[in-house]
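Data first, discussion second: the structure below is written as structure tokens.
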């Protein structure tokens, strides 16, 4: 016979066992997809998540790697966004192939204290950026000088550098255009076409960025740097433009000099067969074909970089010229072509271009 104490404990044991069994059955039910009568093995296609690993040309990177994952041609085609496309508010001028190839690396010598501060600031920013991204210009003509070291530039590192550069370069034009817009409203007078060119510049830089992100997927580490960097740089540039817009334009002129130098280095590496194989066979994304009038679906990555470098060279000329002008009274010489002049004047193209900027005495203002 059962004792009274043992008899009282039996329901407790039974209840605990029943609850445990029910919990196990519930867990098993939740772990099994509803209305599923087949067993899924790790080797079956349904087991794997649809992350499309075949769309990337380079393998997975480490968590803190700044390299961008390059899409295969299939990945680029799948990422083309052709829905609800609108015409560009600032149509891109035609840049002939020979004029794009004739763009050179130049430097405007510093003349004033403001010039020196602007130039040194750019050099400091570049050195920090080079250190983080593992970038270095070869000191010799040997393209394999840094092969096997952290300074070797791969397709992923090149694209990271381009993406970060364009995310920064798109800020000054929009900030300067916004502040000049407010100034025009506040002072109840014309801006003399500075705003249009500045916003065109910002739009152009953003199109560079939108093109690059169709070619590769930045790492989360790169995205975090861009997120923080944009917040800091935008606010600092905003305050400095209020204080001294002339030297802010000089700063951007030197920034564009570095952009031209970077893209020229990239073009040099593209000229070496087998150096950047993923870029050699790549067809450009649809957004580039829609924006640059000379590009076609058959254009190469090199054709794209030639146009982007030409854009940066134009921004270099524009900002160095703006820094030479009277900020509140002079007109924008790039906005209007004056007929009947017997001397060259700035225009939207790159056929008549002064890389270090136009001096004020040479302009019809």
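Glycine is treated like the rest: Cβ placed from N, Cα and C.
Features reported for this protein in Swiss-Prot:
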- 166, 205, 208, 312: Fe cation 1 binding site (BINDING)
- 166, 205, 208, 257, 312, 315: Fe cation binding site (BINDING)
- 205, 256, 312, 315: Fe cation 2 binding site (BINDING)
- 32-46: compositional bias 'Low complexity' (COMPBIAS)
- 32-52: region 'Disordered' (REGION)
- 345-365: region 'Disordered' (REGION)
- 220-242: transmembrane segment (TRANSMEM)
Message: Applying a 10 Å Cβ distance cut-off over all chains shown, what neighbour count does residue 257 (Fe cation binding site) have?
response: 24
Task: Using all protein chains in view, find how many other C-beta atoms are within 10 Å of the C-beta of residue 312 (Fe cation 1 binding site).
output: 27
Message: Using Cβ atoms and a strict cutoff of less than 8 Å, what residues sit near the transmembrane segment (220-242) while being 6 or more residues removed from its termini?
response: 63-66, 68, 132, 160, 163-164, 167-168, 171-172, 175-176, 179, 248
Statement: Per DSSP (helix/strand/coil reduction), residue 205 (Fe cation 1 binding site) sits in helix
- prompt: Can you tell which of 208, 315 has the most other C-beta atoms within 10 Å, given these are the binding-site residues?
  reply: 315
Message: Between residue 257 (Fe cation binding site) and residue 208 (Fe cation 1 binding site), how many Å separate their Cα atoms?
response: 16
- request: Please work out the helix, strand and coil residue numbers for the region 'Disordered' (345-365) from the DSSP assignment.
  value: 3 helix, 0 strand, 18 coil
- line: Between the binding-site residues 166, 256, the one whose Cβ has the fewest other Cβ atoms within 10 Å is 166
